[in-house]
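Report on the structure given below.
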Amino acid sequence: MQNLARDIDAILITGPTASGKSALGVKLAQRHGGVVINADSMQVYGTLKILTARPDESEMGGVEHFLYGHVPPDRAYSTGAWLREAEALVARLRIEGRMPVFVGGTGLYFKALTGGLSDMPEVPHAIRQRLRKRLMEEGAEALHYELSALDPETAQRVRSGDGQRIVRALEVMEATGRPIGFYQQSRGPVIIDATRARKIVVLPERPVLHSRINRRFEAMLGMGAVEEVRALLALDLPLEMPAMKAIGVQQIAAMLKGEMSEAQAIEAGAAQTRQYAKRQMTWFRNQLDETWQRIDAAEALGENH
């Protein structure tokens, strides 16, 4: 792969949480004169450095890292907002002749990078909040039944238990009078040409991944994750805010309230992380085509990529 930098314009690295993709990203950025750009929707938030496993100074290996920890936890941050920042960064890096190395576990970010993003309309906060409240009170199936009457085409594509997508479809319909499919047909510009990108998905063996997850979550508590959650809770944010949904926040919050012991919080947090990793693995296998190279992290770090 000596001619890699001449053959491609970007490196994309994804994989489940705790898979070792961050270390691989640093290695490849060092080798090809690049920078690392965050592609994880939780690592953008400033308060939760430890709990979201953002790389620290020693792990950055002297490589510049961008789009990490720059969003206040009380601010909503969409895929579109991330894509706009990524586009500006890529344009600058191309002028400077530096390689963008995208690293993260948010599959939608990579899909948007290489396929463009639908130009979705703004939805008033009041509409979104009201529908989310109804979801909690009435359940996803009731709202899916309503969606079937208003937008049968979308209802057929969305599972009756997928509350988040059901609410999204309903809020767009209510705000604009048009089905969400109308907006999904139009796509924004492609930022990264997939045919000129090195694309890697890191997929460790499940026992190895689970062992890493278990060790890492326990270590986080000793490294300051409890203090991070305490600071986050002091902001008194609504539970719907994305930062409040970060894995470990609710378990540590329960521990701080005396509702869980430390051991219970560790087990519950690790269990939620394992479930999340399983969903990520399923998504990567189903959504990433054969042009993505599937490797194990140990193999990746040992090879001359």
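Cβ coordinates are placed from backbone N, Cα and C, and glycine is handled just like the others.
Feature annotation (Swiss-Prot): of 134-138, 164-168, 209-213, 279-283, the stretch labelled region 'Interaction with substrate tRNA' is 164-168. The feature region 'Interaction with substrate tRNA', as given by Swiss-Prot for the ranges 40-43, 52-55, 84-87, 96-99, sits at 40-43. Reduced to three states, the DSSP call for GLY20 (ATP binding site) is coil. Cβ neighbours within 10 Å of GLY15 (ATP binding site), excluding its own Cβ and spanning all shown chains: 28. Counting same-chain residues at least six beyond the ends of the region 'Interaction with substrate tRNA' (164-168), those with a Cβ under 8 angstroms from any Cβ of the stretch are 128, 131-132, 135, 140, 143-144, 147, 158, 180. In sequence order, the binding-site residues near THR106 (site 'Interaction with substrate tRNA') (Cα within 10 Å of its Cα) are GLY15, drawn from GLY15, SER19, GLY20.
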